[in-house]
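As recorded in TrEMBL:
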TRANSMEM  12-35  transmembrane segment
TRANSMEM  47-69  transmembrane segment
TRANSMEM  81-106  transmembrane segment
DISULFID  144-170  disulfide bond
DISULFID  145-161  disulfide bond
TRANSMEM  182-206  transmembrane segment
């Protein structure tokens, strides 16, 4: 019974992490695609590395490393790799919880910082190609213009702005989009946390099962 439970846990954790690793590959590939084609440039010049491509590359790389440890630890029944997998998942989960708390506590300061950063970047639209690409992408995607409206553009609004003179600003449009999709974002976040907790539980259970199997075999 011990050996069959060990094999079941081993393969469940292996395929779980294999899917996890494939997701990481997709995220990394998409991030590299954005970096190569520069579809989204820099909006906040005080944080030049904060682009969608860089974020996706970092997230995809972390997922691939964690999933690789889980795959190898489960298939090889290696307790060291399993515990490394568990610790990394725990650290990621704690970082997510900490980030959520900070966003909640400093929400007003964050809103002001975002508004100030956008105001600064809109003045660089004609002088910086990266900023121009970012604004054009956002205005086309959200069908908005400027931060609060067309009046934010001191000259003629760019071609990426909708032709409607009553078009809303991108800051308001982004806020409305986020609030309208808050339920789905919350569900996705909860699902990710549940998957992480399940992965940690599988890793600990498999680790304990390896100990029990070793003891029963007299190893």
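Using N, Cα and C of the backbone, Cβ positions are placed for all residues, glycine too.
Scored by C-beta pairs under 8 angstroms, the transmembrane segment (81-106) has its highest count with 182-206, from the stretches 12-35, 47-69, 182-206. Residue density at residue 161 (disulfide bond): 21 other Cβ atoms are found within 10 A of its Cβ, drawing on all protein chains shown. A simple way to gauge crowding: the CB of residue 170 (disulfide bond) has 25 other CB atoms within 10 angstroms, across all the protein chains here.
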